[in-house]
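Per TrEMBL, the feature transmembrane segment maps to 7-27, 47-67, 88-108, 128-147, 159-185, 197-221.
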């Protein structure tokens, strides 16, 4: 990890997300022309979240470099605000949503790909782009967690924020169905209304689990590094 500066890694990851988003938006897919466009898919929302998050990380790196050695308290205050926003995004959005997308997509894909990613999509989406949307998200965010210590909010406030995001997306999905008569994901077409309620509840619980896992992983990485540092002194 030390062979490549973390600042360079963040710029490379940000550029990769820009490339993925540009290629994805350029796809001539019927679903992109219907109500909600790309924004009805959690995968696209997650890509935007990751791009904004790493863009914020790069902005902080640049700001830190420009203000290094300065004595402006206002600049330091603004930088601390940006760092606080970055840490909140990491805890509440970037890690749990990214891990959720990777886990749920590949779990359903391996069980029955027609439930989440019909074979027809292979005619529109190349394999490298599929992995860019559904695979590399998790290692990218773990790299960021490994290279930078992020301060998590209290678990209760963090879980409330994650639940609000999850419920908000569920309501958006239901609204799209109300307008178009079609569920965003094929799996929702194949189950009963009661099963949908159970499915939505389970998915909300899963994203909360990923929030907690992210908090635990972050603490483990940085507590261990602090312990190793003390032992080495």
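Every residue gets a Cβ built from N, Cα and C, even glycine.
Within its own chain, the transmembrane segment (47-67) has Cβ neighbours under 8 Å at 7, 10-11, 13-14, 17-18, 20-21, 24, 75-76, 78-79, 82-83, 85-86, 89-90, 93-94, 97-98, 133, 137, 140-141, 144, 148, counting only residues six or more beyond its boundaries. Against the transmembrane segment (197-221), stretch 88-108 has more CB pairs under 8 A than any other of 7-27, 88-108, 128-147, 159-185. At the 8 Å Cβ threshold, with sequence separation of at least 6, the transmembrane segment (159-185) comes into contact with the transmembrane segment (88-108) through 3 or more pairs. Same-chain neighbours of the transmembrane segment (7-27): 38, 44, 47-48, 50-51, 54-55, 57-58, 61, 124-125, 129, 132-133, 136, 140, 143-144, 147, counting only residues six or more beyond its ends whose CB sits under 8 Å from a CB of the stretch. Through the fold, the transmembrane segment (128-147) approaches residues 1, 6, 9-10, 13, 16, 19-20, 23-24, 43, 46-47, 50, 54, 57, 90, 94-95, 98-99, 101-102, 105-106, 117, 214, 217-218, 221 of its own chain, all at least 6 residues removed from its boundaries and within a Cβ separation under 8 Å.
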